[in-house]
Amino acid sequence: MATKFPKFSQSLSSDPTTRRIWYGIATSHDFEAHDNVTEENLYQKIFASHFGHLAIIFLWTSGNLFHVAWQGNFEAWIANPLKVKPVAHAIWDPHFGQAALKAFSRGGVNYPVDISYSGVYHWWYTIGMRTSSDLYAGALFLLVLAALCMFAGRLHLQPKFKPSISWFKNNESRLNHHLSGLFGLSSLAWCGHLIHVAIPASRGQHIGWNNFLTTPPHPAGLKPFFTGNWSDYSLNPDDPSHIFGTSSNSGKAILTFLGGFHPQTQSLWLTDIAHHHLAIAVIFIIAGHMYRTNFGIGHNIKDILEAHKPPSGKMGLGHKGLFNTISNSLHFQLGLALACLGVLSSLTAQHLYSIPPYAFISRDFVTQAALYTHHQYIAGFLMVGAFAHGAIFFVRDYDPKQNKDNVLYRMLEHKEAIISHLSWVSLFLGFHTLGLYVHNDVVVAFGNPEKQILIEPIFAQWIQATSGKTLYGFNVLLASSSSSATQAAQSLWLPNWLEAINNNNNSLFLTIGPGDFLVHHAIALGLHTTTLILVKGALDARGSKLMPDKKDFGYSFPCDGPGRGGTCDISAWDAFYLGVFWMLNTIGWTTFYWHWKHITIWQGNASQFNESSTYLMGWFRDYLWLNSSPIINGYNPYGMNNLSVWAWMFLFAHLVWATGFMFLISWRGYWQELIESLVWAHERTPLANLITWKDKPVALSIVQARLVGLVHFSVGYVLTYAAFVIASTAGKFN
């Protein structure tokens, strides 16, 4: 019985070295590897932990609401959302001198504060909150939810309330409940909130618990619903001159299909958003009745998968065997979930700026930049995690006999073709894109900028034109005033779409040129190289010509000695490790592009991006160097300003990032010798040698040292850019 940490591993707890601590931390969440873990209690532990996770999320969001209500300026911001800076919370810092107290007292308050760049003010305002009391009530409600989740998590660890393994593997029932309940009913509930609370608030009618049941959201009530005259709910929408939050020029419609943006707030029409959620709810509630459970009707997922066979018979057994493979592999399921969530996060980044749903958020430029960057980085980490768990699936859970000749088996069989094609695409994109950039740098450097190779993205421009952008002169589909699609747009669907897409006050379809063409292909290079590394890591996780028995060594192993021809760097974990660097590279280029293009548009100086983005020195000089000046001057010999905290973070994050290289470049032997010298010195130093330890200090393994380096590199990289993007944008527009 293990008595020391880690209690989940007898062998580790009896290890006499510091390896016990570090390996204990590293494997604390690898439940499968713990002593005495059965499949059933593995599922039960993970299930119970979900409630803890939800409790943390509710506690965190409750904290946001509480601090804004207590120390923020929500009601003052509502009165003038374009001029007043939203306050996240107060700062109590003994380091602040008089200059700092003055510099950080902003947003109309007389004490130092942090400004909110998360967009929560815009969200709360849009969904109908109007007073600090509303925020306090929300904070209290979420605290109660957090407590309930903690209780539920504890409850489901008790023997009486632990679900059985068959419950976890009842795929049809789970899908039905998640589709109908999680997606369908929650979307319907949100639609209800928008109709009953948010839309009336946008028209000057504040809805609280005191008048919720006595204020009908539509004058006709439910009569149009029951009589089939549903179109009545779309009649009399808000006028384009409607002033948000007041009854001035407001309408009565609750479900519309207007398209475009509210002219004052430059955000989507709330009545369009409500209609969207109602449609989603209907689709998902129907979808949640598709799979066969109680009454023997509906689809059986196993039958569907078994029926998915290529008709010619020459391409294997299709999806045969996948039902059991996926049902019995948590890593496969987690990989799929992470991939879906990664795509959703990236889509969120894209949609929050191109079709902003929250009132006035498109005018808060720092928040727009922060939210885009935040969601793209989250997407990157989630996607890399998806591939990591895909590789773990191949090492731990994949059964060649069970998957004989199906799609998984055939994918592994022709992995060389997949890997070599990805390699070819990456090489093509890399050489051509870099070649164009470098050519342009050379001719600009030698005083011949007119000799740059500038390629217009005509295919992308044509796609924009088909959606209605008229700038490029393509007379096609919605860009043609005489096409049937354009005629339908005016009467049948989204009448405001064409106005919005050709309006320069939004980021719906930005004008693109040669600079966009080049950086698009640079990002494509990053995406394909990251994919190459991660796909190769997963497909080679079980074995390769160099090391056919790789799966027996596990997901991560450092090296297998020179006898194998050198097997360092070929574990599936090493692919994840290398993939993270390329992912950060790719997200870096993506966020640089988005940020530079937007700050030039917001400043009314789009030509700066257009002219400087076609060669590398333009990026280094006119984006990175030029925009870092407000951070470099955040504090200096002459004093400080309200960007000084970002200047300090910029410096500190660089330090964290640089520390990563110390672990990435020097490996185990160096650290072992250093530790031995430090132990020797410690044991011979008076007073210090009164402190002893039971565990013999040993250096980290190569894999662990790489992980420490990777974490420093990643955290430092992201925080450096966070400080840069916030300070450079706030310095211009705050």
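Each Cβ is built from the backbone N, Cα and C atoms, and glycine gets one as well.
Feature annotations, reproduced from Swiss-Prot:
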type     : residues       : note
TRANSMEM : 46-69          : transmembrane segment
TRANSMEM : 135-158        : transmembrane segment
TRANSMEM : 175-199        : transmembrane segment
TRANSMEM : 273-291        : transmembrane segment
TRANSMEM : 330-353        : transmembrane segment
TRANSMEM : 369-395        : transmembrane segment
TRANSMEM : 417-439        : transmembrane segment
TRANSMEM : 517-535        : transmembrane segment
BINDING  : CYS559, CYS568 : [4Fe-4S] cluster binding site
TRANSMEM : 575-596        : transmembrane segment
TRANSMEM : 643-665        : transmembrane segment
BINDING  : HIS654         : chlorophyll a B1 binding site
BINDING  : MET662, TYR670 : chlorophyll a B3 binding site
BINDING  : TRP671         : phylloquinone binding site
TRANSMEM : 707-727        : transmembrane segment
Neighbouring C-beta atoms (10 Å sphere around the C-beta of HIS654 (chlorophyll a B1 binding site)): 15
The transmembrane segment (175-199) versus listed stretches 273-291, 330-353, 369-395, 417-439, 575-596: most Cβ pairs under 8 Å: 273-291
Neighbourhood of CYS568 ([4Fe-4S] cluster binding site), C-beta criterion under 8 angstroms, separation at least six: PRO558, CYS559, ILE702
Structural state of CYS568 ([4Fe-4S] cluster binding site), classified by DSSP into three states: coil
Neighbouring C-beta atoms (10 Å sphere around the C-beta of the residue listed as 'phylloquinone binding site'): 16
Region pair the transmembrane segment (135-158) / the transmembrane segment (46-69), three or more CB pairs under 8 Å: yes
Between TRP671 (phylloquinone binding site) and MET662 (chlorophyll a B3 binding site): CA-CA distance (Å): 10
Which of 46-69, 330-353, 517-535, 575-596, 643-665 contacts the transmembrane segment (369-395) most, counting Cβ pairs under 8 Å: 330-353
Cβ neighbours of MET662 (chlorophyll a B3 binding site) where a neighbour is any other Cβ within 10 Å: 14
Integer Cα-Cα distance in angstrom, TYR670 (chlorophyll a B3 binding site) to the residue listed as 'chlorophyll a B1 binding site': 24
Cβ contacts under 8 Å made by the transmembrane segment (575-596) with residues that lie 6+ beyond its boundaries: 353, 369, 372-373, 376-377, 379-381, 383-384, 387-388, 391, 516, 519, 522-523, 526-527, 529-530, 533-534, 536-538, 540-541, 609, 613, 619, 623-624, 627, 706-707, 710, 713-714, 717-718, 721, 725, 728-729
Pairwise CA distance, TRP671 (phylloquinone binding site) versus the residue listed as 'chlorophyll a B1 binding site', rounded so that it is a whole Å: 23
Assigned conformation of CYS559 ([4Fe-4S] cluster binding site) - DSSP reduced to three states: coil
Neighbour count (Cβ, 10 Å) for CYS559 ([4Fe-4S] cluster binding site): 14
